[in-house]
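A short worksheet on the structure shown next.
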Amino acid sequence: MLQLLLAVFIGGGTGSVARWFLSMRFNPMHQAIPLGTLTANLIGAFIIGVGLAWFNRMTHIDPMWKLLITTGFCGGLTTFSTFSAEVVFLLQDGRINWALANIAVNMLGSFAMTALAFWLFSAASAH
């Protein structure tokens, strides 16, 4: 149990630091769409897609790795709470169209990245 807890802890900490770095690096690039949060969410969606496809196919892998990557790293990297707050800030500033665009890009982009990663990994491992 302690090993599983440490896997989530290490993955979550690493993902959180990665999200902070992406936010610091990319959020200043655009005033309406927080690109760091978007980048973190899209990368996390892709990683979780690969992870889920990998763990579905490789059932012998220690569950600790699934916890480290999906629950830990992706949980720390992706952030619905920050995304939600950024949408609220855009709405408070009266930038309704940008808020709606931010919602659409984050939601559709995350779904697309997860599906793409799952499909790519499944196709590659079938050969």
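Including glycine, each Cβ sits where the backbone N, Cα and C put it.
What Swiss-Prot says about this one:
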BINDING   GLY75, THR78  Na(+) binding site
TRANSMEM  4-24  transmembrane segment
TRANSMEM  35-55  transmembrane segment
TRANSMEM  71-91  transmembrane segment
TRANSMEM  103-123  transmembrane segment
Return the stretch with the most CB pairs under 8 A relative to the transmembrane segment (71-91), choosing among 4-24, 35-55, 103-123.
4-24
Give the three-state DSSP assignment (helix, strand or coil) for THR78 (Na(+) binding site).
coil
